[in-house]
Structure formats: C-alpha cells, structure tokens
Amino acid sequence: MQVYLVGGAVRDKLLERPVKDKDWVVVGASEADMLAKGFQQVGKDFPVFLHPKTQQEYALARTERKIGQGYAGFECDTSTNVTLEQDLLRRDLTVNAMAMDDNGNIIDPFNGQKDLRNRVLRHVSDAFEEDPLRVLRVARFAARYASYGFSIADETKTLMANITQSGELSHLSAERVWVETAKSLLEDTPQIYFETLRECGALKVWFAELDCLWGIPNPAKWHPEIDTGIHSMMVLEQSVRVSHKLSVRFAALVHDLGKGLTPPEEWPSHRGHEKRGLVPINTLCERLKVPNDCRDLALLMSEFHSHVHHAFKLKAATINDFLDKCDVWRKPERFADLLLACTADAKGRTGFEERPYPNADYIWQAYLLAKEVNVQEIVQAGYKGAEIKQQLRQKRIHAIATNVA
C-alpha cells in the first residue's frame, strides 16, 4: 500500500502557490484495507475516504471507462492492480497529472513539469474528450492561471471544440456547470473563463443570453469598445477591483443581457434594455440554478444601473422611489453591492478604467440622509394609517433634496 500526494496540491507546490486542499491517491489497497485503518468512506461514484485525523481525502487508484453520457457516465476500476501511472493517465491536464511520494520525489509520466515551466495547459490523453465537464474545468484553470502567463495548448482547444460539437455539454447537470462558473467568477481574471468557453463554442450551450451579445454595437461616445460582449467582459474584469463577492461579479457579468433583445434597426441605441434584461437574466438563472442572492442582485443591476449612471440628473423624488424599489431600508448591504457593480460597469469601458465615478457615493449619501428620517416622530405627531407612509416619503424626499442642492 503506497500513498501519494496528487493533482492540484503538487501543481501549486511547484508553482509556489498556497496549497489549499491536499488530495491523496492510494495504490495497492482495497476498500477493506482503508476501513480497517480507520478511514471513513464518503465517495458514492468511486471509493474516496476521509483520513481519521486530518479529514483529507484519500482515493483508491482507479481507471475509468466511458459507458454513458455526461460527467457521471463512467465505470471505475479500483482494484489493487491499478498502478499510479494508470491513475494519473485518466486526469485532465498534464499539470494536474503529477504525484509526490513521502520523500518529496515527483512522479511525472506525462511531462507536467515541462508544461508548468512553459506555462501550458495541455490534456493528458485523448480520453480528455470523454468527460464534457473538462471543457469548463480547463476554462476555469485558464482563468486562474492567466496571471501566471498560462495559455491552453492548441491541440487541447481542438478537443474542447470537439466536445462542444458532439453535444455532450448539454448532458452536464446545471449544478456542475454553476459550481465551475462560480469558482471561475471568484478568480482574479474571471473574464478568461467566459472568453475561453466562447472560443470553443461552449458559451452558447449554457450561456446563450450572454453569447449573443458579441457583435451588438453600443454608441461609440459612451462605449469606445463598441461591442456589447467585449463591454461585458470589461465590466466583469473591473468587478474584481471593486468586490470579492460572487453576487457582485455575477451582476456585473449579466447586467446588459437586455441589449441582446434590442431590435437591430434600433442599434446602437438600447432604450429600455434595463427592464428588457429581466427576462433573460431570470431564464439564465433558472437554467443554471443560480443562488437567489446572485439572481436578485443581477435583476436589480439590470433594472437600475442607468439610474445610478444618471444620478446627478435625478430629482429627489425619483431617487427616493429608486431607494424604495431597491428595498434599501431592509437590505442596505445589497444596495451597497449594487453601487459596486455600477462602478464596475462605468469603468468597464475603453478609456474609462481610471476615471472617478462619484455617482455611487452621491446615491449612497442620499440614502444616508433619507435614513435619518425618524418614523416614530411622524407617528408621535399624530399621523395615522396611509398618512404615515405619505409623510415618511415627503420627509425623505426633503432630506434627499438637501443633498441634491
């Protein structure tokens, strides 16, 4: 029975990146052997065990044979005869197909170290094509390691396109797609994930509402980058600078989906795209089973980003009604996130990246002023029923007006 550190832990150790999770592979052991040593079995599809002390994952060395469609369509062999090299052969990329023994020796049968040095993401074997999830995983790795200078090998891009053309991507579960997408959104260069998927044709399979934005023009005066798809990627890139939150980055990504529904004869104008975007955002979120907090912020962002962009032109009453519609009184943190996403939108344009965006502070200040209005004082003044709400609105508008002035 031999134990090896494998996969991402070895890769990141060699890259001198922090190692977050350690995965181990066990060669020459059976399920009974692992249970006898006190390990707890947790894997449903194949035998994975938790170490009794560290709770790290230990998997029996295995081979895989494709027998069906999608991510789960595999038959596994975890017999004691499976070698380490056979286990590494089934992995996705050469940089993930290395192992380390107890003495720190690297076992690298597929030249993963060479690809690490050359900053290349390359598939291990043609079996790569058997698992459609790998298209998303490689796109995620491309997003994670872009800042290290990594790029995807041309032959691997070809296999990713082949998988897309085969129709296999549609057999993935929504949950799997969202997990990979959410992880990618939290990387330092999340736009690379979506650009990679678009390059191999995969974006239109799961993100059709986003994919259709490329080629749709915006007015050059406000969008020197012109293309709505490019703008969406620039906004996502800027969202990394303003927030670590998944909901903010997702809202930044999908804020302009309404422009995909603008009649071409109206281009490059997109009047009304804000509310038009609500349907495609809901459709996308239902398809991917996006968490409610991400969906809700994305819907607010779509409907109201133009309000924030035109903040200095809005009347006090309009600002107050906008605050009401955003439910800021009960959800101020979400409203703050909306303003962050709007900041990313404003800066996600060619030549606007470093320009100040005072609109967000202006709207936040209006909220703080309106928040100071004391409803108890209105009640104590003798107002009742609908009068209370009316007085509260008037006093808030008056408070906001001091900021507008």
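Heads up, the Cβ atoms here are built off N, Cα and C, so glycines get one too.
Sequence annotations record features per position, and here Swiss-Prot assigns CTP binding site to G8, R11, R91, R137, R140. Cβ neighbour count for R137 (CTP binding site): 18 (other Cβ atoms within 10 Å of its Cβ, all protein chains included).
According to Swiss-Prot, the ATP binding site annotation covers G8, R11, R91, R137, R140, on the basis of sequence analysis. Long-range Cβ neighbours of G8 (CTP binding site) (same chain, at least 6 residues apart, Cβ-Cβ under 8 Å): V19, D21, D23, N96.
As annotated by Swiss-Prot, Mg(2+) binding site applies to D21, D23. According to DSSP, D23 (Mg(2+) binding site) sits within a strand segment.
Here Swiss-Prot flags 228-329 as domain 'HD', drawing on sequence analysis. The average pLDDT computed for the domain 'HD' (228-329) is 98.
Highlighted in sequence order, G7, D92, L93, V95, N96, F141 have their Cβ within 8 Å of the centre of the Cβ atoms of G8, R11, R91, R137, R140, the residues recorded for ATP, and are not part of that set. Around D23 (Mg(2+) binding site), taking its Cβ as the centre, 16 other Cβ atoms fall within 10 Å, counting all chains.
Those residues noted as binding ATP (G8, R11, R91, R137, R140) have their most widely separated CA atoms at a distance of 16 Å. Under a cutoff of 8 A between CB atoms, and with a sequence separation of 6+ in the same chain, the neighbours of R11 (CTP binding site) are V95, N96, M98, G112, L116. Annotation for R91 (CTP binding site): spatial neighbours G7, A97, V124, criterion Cβ-Cβ under 8 Å with sequence separation of six or more. Taken residue by residue with DSSP, R140 (CTP binding site) is part of a helix.
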